[in-house]
Amino acid sequence: MNNIIAQQIADQGGVEAWLHAQQHKSLLRFLTCGSVDDGKSTLIGRLLHDTRQIYEDQLSSLHNDSKRHGTQGEKLDLALLVDGLQAEREQGITIDVAYRYFSTEKRKFIIADTPGHEQYTRNMATGASTCDLAILLIDARKGVLDQTRRHSFISTLLGIKHLVVAINKMDLVDYSQATFEQIKQDYLDFATQLPGNLDIRFVPLSALEGENVAAPSGHMGWYSGPTLLDVLETVEVQRVVEQQPMRFPVQYVNRPNLDFRGYAGTLASGSVQVGQRVKVLPSGVESSIARIVTFDGDLQQAAAGEAITLVLKDEIDISRGDLLVDASAELTPVRAATVDVVWMAEQPLAPGQSFDVKIAGKKTRARVKGIQHQVEINSLTQHSIAELPLNAIGLVDIVFDEPMVLDSYQQNPVTGGMIFIDRLSNVTVGAGMIRQPLAEETAAGSTDFSAFELELNALVRRHFPHWNARDLLGGK
C-alpha cells in the first residue's frame, strides 16, 4: 500500500469508509494519443507519479529500468511505467493499448495509452471506443502533424466530444507563448473539419519536467488556465446515452427455475421503471415491466449503464439479441445500413464479402454491398477505392441477412456499433459505426445481385428448403 492511500484510509476512519468513498466517485475514461515520441507514456507516468499512485517497489524498479532502458539520462524515464512490452521498451514506442488506473480526491480515472504509429490505427480505435475524453499530445517543436489530425478524426468518429490538446515539451522551446498560440490556432483551423459540437481545451506543459501536469508551472506565467489534472478532475462529461430513449439489448434469458423468467443485460440508454410499457423488437409484441431485479435487490427505476434483469408482466417469446424499447418508440427493423468502418485485417475489405456481425449482443450475417469512399485520415479528404486495406477507414454499404433494429452510432454507441467477424477463423476483422440505417424500400431498390448469386439462391431454396434461405428477389 502506498503512503497516500494509507493516509486517506486513516483520514476517513478505516478501510470500509474509504472503499465507500471510492465507490461513489465519478469515473472518467480518457485516452492519450498523438504522434510518435510526443510523450504519451511519459505523461501518464507523470500523472501516476505526481498523484502518488506508484508503490515503493515500483519506484525502485523504475530507477533500475531507467538506467537500463531509459532515454532521459540521469532522470527517471517515466514512460517505462506504462510501456510494458519488451519490444516497446527496446524501441521506445508504444505498440499495444496500455490501460492504467488512478484516482484523486475528486475522481477516478481509467487511462488508455494508445499507439502513435499509423500501422497501429486499429489499436488506437479500440482504445478510443470506450473513452469519454481524448488527450491529444503535440510536440511543441513540431506543431500539428498528420498523425495528430488522424487521431483527432478517429476520436471524434468514435463519439468522443471532449478533446484536450496538450502541447508538450514546452521546456524545449523555452516555454514560448508565441509557439503555444501558433499551435493552438493551427489546430483550431483544422478542427473546423471535425464532426459534431466539440469541447476543445488547450494546455501547455512539460510531462518530463512536471510543468502544468498536476501542479502549475513556474516557467509559464503567461498561462492562467488550469493544469491538465485540473481539467480532468472538473470536465463535465455529457454521456449521450443518458439523454437518448430507452434501449435494452437482451444478453441472456435468466430462467433458474419454473417460477422465474427474466431478461438480463445492461441498459444501453435512457431509463426504465416498473410499470412502464415496453415493446420487443423485431417482433413488435408489447408488455409492461413487472420487476427490475439486481444483485442488491429490486429497483423501481434503472438508468443507462446499469446491469439489470427485467421481468415482464406477460410471458412472451424473447431471446438473446432482441431489443426492448419504450412502447411509444417508432423503430422499424431494416436490412441495410451505411457504416463507417475501421478495417483491422491484413486481407482488404471488398464488395461481395460476407461476415458474421455482432451488434448489441445480436449476431447475424451481413454482406458488403459496396464501398462508397475511403477517408484519407491525414487530410480528411475522400476518394474512391475498390478495396479497404488494413488500418483504413471508409464508408461502406452493408446488407444484413435478417431485419435489424439499429440506431446511428452518434445517437447510441451500443445499438449503433458493430464488429465484423471472419466466419472461418472467428477473428474480429473490423469495427463499424453505423452512420444511417437504410429503410427497407431503399435497401431493396438498390440491391443488385449477380446472375450467379440469383441462380445459386434458387438452387439452395429448391434443394435445401430446411436452410430457410431468403429469396433474394423478395418472393416467398
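Using the three backbone atoms N, Cα and C, a Cβ is placed for every residue, glycine included.
The stretch that Swiss-Prot tags with region 'G4', taken from the ranges 120-123, 168-171, 468-471, is 168-171. Residue ranges 92-96, 142-146, 197-201, 367-371 are listed, and Swiss-Prot annotates 92-96 among them as region 'G2'. Between the listed ranges 34-41, 242-249, 282-289, Swiss-Prot ties the annotation region 'G1' to 34-41. Look at the Cβ of each of the binding-site residues Gly34, Asp37, Lys40, Thr114, Met170 and count the other Cβ atoms within 10 Å; the largest number goes with Lys40. In the three-state DSSP scheme, Met170 (GTP binding site) is classed as helix.
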